[in-house]
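Worksheet: one structure, shown below.
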Amino acid sequence: MAGPPNKKQKREDYRTARENGEESKELPKKKFYRQRAHANPFSDHRLAYPASPAQMDWASHYPAYAESAAASEGTEEPSTGSDSSSLKKLKQDVEVADIGCGFGGLTVALAPKLPNSLILGMEIRAQVTEYVQERIKALRVQEKESGLFQNASCIRANTMKFMPNFFKKHQLSKIFLCFPDPHFKARKHKARIVSTTLAAEYAYVVRPGGIIYTITDVEDLHNWMVTHFNAHPTFERVAEEEQEADECVNIMRTETEEGKKVTRNNGPKFVALFKRLEDPPW
């Protein structure tokens, strides 16, 4: 006689049932999407990513913002030999990125606060990404009449390797880096989400006047991020008074899963915002 299914089998059965069932208002349960706390960004995770931003199928992530077939035909550009000509276009670009979004607390909280912006959670862990996607699907069903959460989505991505594949120059108005892996050991610092190289990539995808939001409970990592952004000529740290007046800062402090954990443990939260400056005229 077969014994009861193990935890792994239960998780697989639960996710399969959600995939095969009708649209559900019920939020997914985290216990069925467990995964390690961190993933190695230098490993080959067999990720799917576009060759360029023009080849990204955004319409499947934001169907409510996709142009009609007639509108797409009217604005169709000459074919360049890529698959981009067959993709349905969006009425507007994604402009807010929650990098390392975890279980999607911030992504979901920002959606109703920024109703005119398309918000994208980006997460490297497969099962965690699946959880956020199911969470957003359920919220869309719950808010079908109001239309909330149509502006939020999540993809599995390694932004340390492929961020320019998703976003064109000056596309983003906000990037959130919330409670990233501190990588305490010196030999692991190269895996931190902020570095000299990555600061240059952030400068490329963030438009002038845009903001990068950072928060961590590790003071050493906070100082590291401040040092690297201050060293980049196109970023300037936002003054504390302006920082505290930004409603996104309070959301960032309170709505992420890691932020809630730090609050429960009475831990510190170190916040720093950096504004993208105008490019020099030359």
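Every residue gets a Cβ built from N, Cα and C, even glycine.
Copied over from Swiss-Prot:
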REGION    1-36  region 'Disordered'
COMPBIAS  10-29  compositional bias 'Basic and acidic residues'
BINDING   Gly100, Glu123, Ile124, Asn158, Thr159, Cys178, Thr256, Glu257, Glu258  S-adenosyl-L-methionine binding site
ACT_SITE  Asp181  active site
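Cβ contacts within 10 Å of Gly100 (S-adenosyl-L-methionine binding site), excluding its own Cβ and spanning all protein chains shown: 25. Other Cβ atoms within 10 Å of the Cβ of Thr159 (S-adenosyl-L-methionine binding site), summed over all protein chains shown, number 24. Listed in sequence order, Gly102, Gly105, Leu106, Cys178, Phe179, Ile215 are the same-chain residues at least 6 apart in sequence whose CB falls under 8 Å from the CB of Thr256 (S-adenosyl-L-methionine binding site). Maximum C-alpha to C-alpha distance over the listed S-adenosyl-L-methionine-binding residues Gly100, Glu123, Ile124, Asn158, Thr159, Cys178, Thr256, Glu257, Glu258 is 20 Å.
Put plainly, the recorded positions Asp181, Glu258 were compared by Cβ crowding within 10 Å, and the winner is Glu258. With a 10 A radius on its CB, Ile124 (S-adenosyl-L-methionine binding site) counts 22 other CB atoms from all the protein chains. You'll find the Cα of the residue listed as 'active site' roughly 11 Å from the Cα of Glu258 (S-adenosyl-L-methionine binding site). Secondary structure at Thr256 (S-adenosyl-L-methionine binding site), taken from DSSP and collapsed to helix, strand or coil, is coil. When secondary structure is read from DSSP and collapsed to three states, Gly100 (S-adenosyl-L-methionine binding site) falls in the coil class. For the recorded site, Asp181 (active site), the DSSP three-state label reads coil.
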